[in-house]
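For reference, the structure discussed in these notes is given below.
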Number of protein chains: 2
Amino acid sequence: MSNYLTILGFNSAIPTVNSATTAQFLQMESDHFLIDCGEGTQVQLRKAKVKFSKINHIFISHLHGDHCFGLPGLVASFRLLGREKPLHIFGPKGIKEMLETIFRISEVHSGFKIIYHELESENSELIFENKRVEVYTIPLNHRIYCNGYLFKEKKKDRHLVMEEISKYEEIDISDFQNLKNGKDFTLNNGKIIENKMLTKDPDESISYAFCSDTRYLESVIPIIKEVDLLYHEATFLHELKEMAEYTGHTTALEAAKIAKAANVGKLILGHFSNRYDDRTVFTDEAREVFPKSYLPIALEAVKIESAKQKAL
Amino acid sequence: MSNYLTILGFNSAIPTVNSATTAQFLQMESDHFLIDCGEGTQVQLRKAKVKFSKINHIFISHLHGDHCFGLPGLVASFRLLGREKPLHIFGPKGIKEMLETIFRISEVHSGFKIIYHELESENSELIFENKRVEVYTIPLNHRIYCNGYLFKEKKKDRHLVMEEISKYEEIDISDFQNLKNGKDFTLNNGKIIENKMLTKDPDESISYAFCSDTRYLESVIPIIKEVDLLYHEATFLHELKEMAEYTGHTTALEAAKIAKAANVGKLILGHFSNRYDDRTVFTDEAREVFPKSYLPIALEAVKIESAKQKAL
């Protein structure tokens, strides 16, 4: 297992024959998250060969159609496929009313529970946590209430060095978790064995930040500081800066400035306006400021690697 | 110009990678109608190269997701493309609440007017009429309130026989419409020229009936009597007759019985359950009863021809 981001669609506003609207599938080892769900996402998930049963947590940035109109159909399909596990949906206040109205009129009777986590805060907050992962909101500035999401692996266990540990008969298997957590070991004679003699540094934890849709917004920089991978919208080139500002979007140059200031490992751009046929213009512009800028490749699983680990 | 049916999708319940849920685009000379609008219909319309601006009337059979979850996105795209013309949406009561709730929460502010025609009647009724075409509901029997739709060209104008007309100086261009309508012409001297001396029979008017989703229902037979083309759902083979009854659907054999009893020109089957990989089993079963049974071909425009005209 490892960490992979699969971008299912990255078109802005209107889906085209070759390009779906925003949706992403994020695998963080044994955890799986769906981020945004534009119309047609369930078919994109099929194309990416993602099992629907893996999806238990969906994070919606905002309630414009190109980010959420695939949700009713996906939930209806879950039901038709006999789902029983609860489904957690995180998104702006209003998402429950929208979905529940549709399900009532369309007579989608869930065999499973939908747990809505409606968001209203203007501040970054921890909204999900399990043993391995934390998810924080990234308040954005769009025409409608909107959050990006920061996915962070928690600090991982230290690696046991069995060659050293086996030298001490007193160290039992029941002590291993304490060692993994970094604790020293005290022998019966009172002598302390330093943890670093028995373990090696853990693997670096990885982090991923999703920022779409938003005006250029410097307040996201401290929140996404040093993430390994940043997806940031870049609807326009900088020559249309005023259009970006007016419609609540970012230019490629601005996205690169955010990536540079936050010192992220890698930047993937997306949410391109349909006026651009050749998308390489976006990376051309961004790389002037932040060389590690890339175009999204739909349906391809991109490995998320620790920038720190790679630098060692 | 002519009459064409383009089936955009015919999958039941869940869209797949290769097959969209129900939607059809019907051209009746200068009139264009969208029938049902499953998720992804806007992309299917793009693939079929249908200009969005041609669509002014949408007919929704029922409010299950596989027949209407593409509507919010289509309307939102209309708006983004700067539509100004009004849009007429015909469908079961509840469709307005569903769509208007979505548009309010999603902040889709229409620059054009949406005129809802909500249906509740259990009887067939004329719901649309212009100079050329009439549309009637076909009450169906599904798990939820559901109508099929019958599209009928009105009786067409008789063809003028100019060779004969030119023999009478008294006949003016302003008399032509009366002649096309079948009226005799009275000369100044009181002599009556019979219409059939001046005109030829008009082209036959064509008709198309869309029946999805429904249990086997003989009450549709008089409504769709002798239509040139019938699309009828056939979700299951007849060996799953009980399943069809339980879920509110028809078998291929039953669809063929309806087609035969109504003496239609041609039958296209659709709305197949995903359990069948090879769809030829449906036409194999139907043709035992009604030989002119066909499979749908997605995105291909099928010419609708008058069965009577062909028989002449």
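Quick reminder: no glycine exception, Cβ is built from N, Cα and C everywhere.
Per TrEMBL, these features apply:
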ACT_SITE  A:ASP66  active site, proton acceptor
BINDING   A:HIS62, A:HIS64, A:HIS142, A:ASP213  Zn(2+) 1 binding site
BINDING   A:ASP66, A:HIS67, A:ASP213, A:HIS271  Zn(2+) 2 binding site
- prompt: Rounded to an integer, what is the Cα-Cα distance in Å between A:ASP66 (active site, proton acceptor) and A:HIS271 (Zn(2+) 2 binding site)?
  reply: 10
- request: Compute the mean position of the Cβ atoms of A:ASP66, A:HIS67, A:ASP213, A:HIS271, which form the recorded Zn(2+) 2 site, and then list in sequence order the other residues of that chain whose Cβ is within 8 Å of it.
  value: A:SER12, A:ALA13, A:THR21, A:THR22, A:ASP36, A:GLY38, A:SER61, A:HIS62, A:HIS64, A:SER212, A:GLU233
Field: Filtered A:HIS64, A:HIS67, A:HIS142, A:ASP213 - binding-site residues with C-beta under 8 A from chain B
entry: A:HIS64
Residues that sit under 8 angstroms from A:HIS142 (Zn(2+) 1 binding site) by C-beta distance, when 6+ apart in the chain: A:HIS62, A:ASP213, A:THR214, A:ARG215, A:GLY248, A:HIS249
Query: What count of other C-beta atoms do you get within 10 angstroms of the C-beta of A:HIS67 (Zn(2+) 2 binding site), across all chains shown?
result: 30
Query: Given the Zn(2+) 1 site residues A:HIS62, A:HIS64, A:HIS142, A:ASP213, which other residues of that chain have a Cβ within 8 Å of the mean position of their Cβ atoms, reported in sequence order?
result: A:SER61, A:LEU63, A:HIS67, A:LEU140, A:ARG143, A:ILE144, A:CYS146, A:SER212, A:THR214, A:GLY248
Query: Three-state secondary structure of A:HIS67 (Zn(2+) 2 binding site) from DSSP?
result: helix
- request: Give the number of CB atoms, excluding that of A:HIS62 (Zn(2+) 1 binding site) itself, located within 10 Å of its CB.
  value: 28
Query: Around A:HIS64 (Zn(2+) 1 binding site), which residues of its chain at least 6 apart sit with Cβ under 8 Å of its Cβ?
result: A:ILE144, A:ASP213
- line: Mapped onto three states, the DSSP assignment of A:ASP213 (Zn(2+) 1 binding site) reads coil
Statement: CB contacts under 8 angstroms to A:HIS271 (Zn(2+) 2 binding site), restricted to the same chain and 6+ apart in sequence, sorted by sequence, are A:PHE10, A:ASN11, A:SER12, A:THR22, A:SER212, A:ASP213, A:GLU233, A:ALA234, A:THR235, A:HIS249
